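K.L.:
Sharing a structure below in structure tokens format, with a few things to ask.
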Amino acid sequence: MGCDRNCGLIAGAVIGAVLAVFGGILMPVGDLLIQKTIKKQVVLEEGTIAFKNWVKTGTEVYRQFWIFDVQNPQEVMMNSSNIQVKQRGPYTYRVRFLAKENVTQDAEDNTVSFLQPNGAIFEPSLSVGTEADNFTVLNLAVAAASHIYQNQFVQMILNSLINKSKSSMFQVRTLRELLWGYRDPFLSLVPYPVTTTVGLFYPYNNTADGVYKVFNGKDNISKVAIIDTYKGKRNLSYWESHCDMINGTDAASFPPFVEKSQVLQFFSSDICRSIYAVFESDVNLKGIPVYRFVLPSKAFASPVENPDNYCFCTEKIISKNCTSYGVLDISKCKEGRPVYISLPHFLYASPDVSEPIDGLNPNEEEHRTYLDIEPITGFTLQFAKRLQVNLLVKPSEKIQVLKNLKRNYIVPILWLNETGTIGDEKANMFRSQVTGKINLLGLIEMILLSVGVVMFVAFMISYCACRSKTIK
């Protein structure tokens, strides 16, 4: 009887030990299995989960616009007063709804090339008004022409054309005209061939961004989605040194197994440069654990604070000898037009930039850019890309409508918020196919290990207790 009991206790301890060992072995084996499956599914080729969602995003993406309506145009033009602006919006468009075009795999270098077509559909139900709403904004053509043509004789000719067309420093335009283009009366009088249509995003519809050529990950999963070339080049030709490099992905996805310590680099054609994001916090997105990465203020710092940014400073006067920060002069990629990009309401910008503008209220929560990334797959499941479009206008002795200005202005025209969030159906699929299976495997591992250890310890204690009684 004693033997049977002892044998049973030993058998229980052995079973517990086996379960614990099996649970322990399952951990690395399970991790390897997960890695193998993920690596297979994030490759950008026909038949994978990644490819299907990459060719045409299943997420609805919206671009909201807030326009800075100028309240005191005459005071500014006559007295060089601070510009008083009133934010109006949002005006919402659906974007990025078109599938990638000319998708071509290259087996030799394991890349895939494509064009990203552009399209925008106005969403009245998500907007405060219509595309016919009027705004008082800086005259884009007058500001640009006076900057591009600085020869005084040429500016005298420009002045006569500006006066003849009855143009001024400011203008009234509809939302549709401001965004997508209008025929400018001043440019229409220029006696030599110039583009007479002006708009902040002209041309947009029926155009495409690219060609992009990205690594498909077949030979090296750590390079998947990373851009090899953009428009056939590895550099942009806008900046000096490392600032001109095309780094990272397009931010729609990143190589799998993202770590919190990583600096995620990505390229944005909207701002004509590569930029980066750093980990901020863990976020639960519809039951899916994601990492929130944000653009840090350091990315917009002056070279004085962040020496890596020295090559983004391209002139000395407006930047106050490269000490100003928070705005990026992208005129080189806008055919010389004095376009400056910043975060909305000049968030993270130096006081000298925003000082001439009244009515701004920078708010980090509302105006910063972030990416919510599922770390195992590297997929961006939610994002908010926020930026502001500004135009530089300077005094001019020869152009009457700019003659009374006593300082330079970086004038905010609008800011945009482009957002996308994984839909409920896609989130359910993602939970069942990815995070659910991983969590289930982890649960099984812990149960086997825990039960095994408890059984082994309990049966061994019982066995020792029984032996002690038997000896007595």
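A Cβ is built for glycine as well, from the same backbone N, Cα and C atoms used for every other residue.
Sharing the feature lines straight out of Swiss-Prot:
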{"type": "DISULFID", "residues": "Cys243-Cys311", "note": "disulfide bond"}
{"type": "DISULFID", "residues": "Cys272-Cys333", "note": "disulfide bond"}
{"type": "DISULFID", "residues": "Cys313-Cys322", "note": "disulfide bond"}
{"type": "CARBOHYD", "residues": "Asn79", "note": "N-linked glycosylation site"}
{"type": "CARBOHYD", "residues": "Asn102", "note": "N-linked glycosylation site"}
{"type": "CARBOHYD", "residues": "Asn134", "note": "N-linked glycosylation site"}
{"type": "CARBOHYD", "residues": "Asn163", "note": "N-linked glycosylation site"}
{"type": "CARBOHYD", "residues": "Asn205", "note": "N-linked glycosylation site"}
{"type": "CARBOHYD", "residues": "Asn220", "note": "N-linked glycosylation site"}
{"type": "CARBOHYD", "residues": "Asn235", "note": "N-linked glycosylation site"}
{"type": "CARBOHYD", "residues": "Asn247", "note": "N-linked glycosylation site"}
{"type": "CARBOHYD", "residues": "Asn321", "note": "N-linked glycosylation site"}
{"type": "CARBOHYD", "residues": "Asn417", "note": "N-linked glycosylation site"}
{"type": "LIPID", "residues": "Cys3", "note": "S-palmitoyl cysteine"}
{"type": "LIPID", "residues": "Cys7", "note": "S-palmitoyl cysteine"}
{"type": "LIPID", "residues": "Cys464", "note": "S-palmitoyl cysteine"}
{"type": "LIPID", "residues": "Cys466", "note": "S-palmitoyl cysteine"}
{"type": "REGION", "residues": "93-120", "note": "region 'Required for interaction with thrombospondins, THBS1 and THBS2'"}
{"type": "REGION", "residues": "460-472", "note": "region 'Interaction with PTK2, PXN and LYN'"}
{"type": "TOPO_DOM", "residues": "30-439", "note": "topological domain 'Extracellular'"}
{"type": "TRANSMEM", "residues": "8-29", "note": "transmembrane segment"}
{"type": "TRANSMEM", "residues": "440-461", "note": "transmembrane segment"}
K.L.:
About how far apart, in whole Å, are the alpha carbons (Cα) of Cys322 (disulfide bond) and Cys311 (disulfide bond)?
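P.N.:
Taking the Cα atoms only, Cys322 (disulfide bond) lies 10 Å from Cys311 (disulfide bond).
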K.L.:
Restricting the comparison to the recorded positions Asn79, Cys311, Cys313, Cys333, Asn417, which residue's C-alpha is spatially nearest the C-alpha of Asn163 (N-linked glycosylation site)?
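P.N.:
Its closest listed neighbour, by Cα, is Asn79.
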K.L.:
Could you tell me the C-alpha distance between Asn417 (N-linked glycosylation site) and Cys313 (disulfide bond) in angstrom, no decimals?
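P.N.:
Here the two Cα atoms lie 26 Å apart.
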K.L.:
Going by DSSP assignments with H, G and I as helix and E and B as strand, what are the residue counts for the region 'Required for interaction with thrombospondins, THBS1 and THBS2' (93-120)?
P.N.:
0 helix, 17 strand, 11 coil
K.L.:
Within the region 'Required for interaction with thrombospondins, THBS1 and THBS2' (93-120), what mean pLDDT does the predicted structure show?
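P.N.:
Per the prediction, mean pLDDT sits at 96 for the region 'Required for interaction with thrombospondins, THBS1 and THBS2' (93-120).
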K.L.:
Including all protein chains displayed, how many Cβ atoms other than that of Cys272 (disulfide bond) lie within 10 Å of its Cβ?
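P.N.:
Around Cys272 (disulfide bond), other Cβ atoms within 10 Å: 19.
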K.L.:
Distance between Asn235 (N-linked glycosylation site) and Cys333 (disulfide bond) at the Cα atoms, whole Å?
P.N.:
13
K.L.:
Among all the protein chains here, how many other CB atoms are within 10 A of the CB of Asn163 (N-linked glycosylation site)?
P.N.:
14
K.L.:
Out of Asn205, Asn220, Asn321, which of these glycosylation sites is nearest Asn79 (N-linked glycosylation site) by C-alpha distance?
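P.N.:
With Cα distances computed to Asn79 (N-linked glycosylation site), the winner among Asn205, Asn220, Asn321 is Asn321.
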K.L.:
Asn220, Asn247: which of these glycosylation sites has the highest Cβ count within 10 Å of its own Cβ?
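P.N.:
Answer returned by the neighbour count: Asn247.
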K.L.:
Distance check, please: Cα of Asn102 (N-linked glycosylation site) against Cα of Asn205 (N-linked glycosylation site), rounded to an integer number of angstrom.
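P.N.:
With the alpha carbons as reference points, the distance is 18 Å.
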K.L.:
Can you tell me the three-state DSSP label for Cys322 (disulfide bond)?
P.N.:
coil
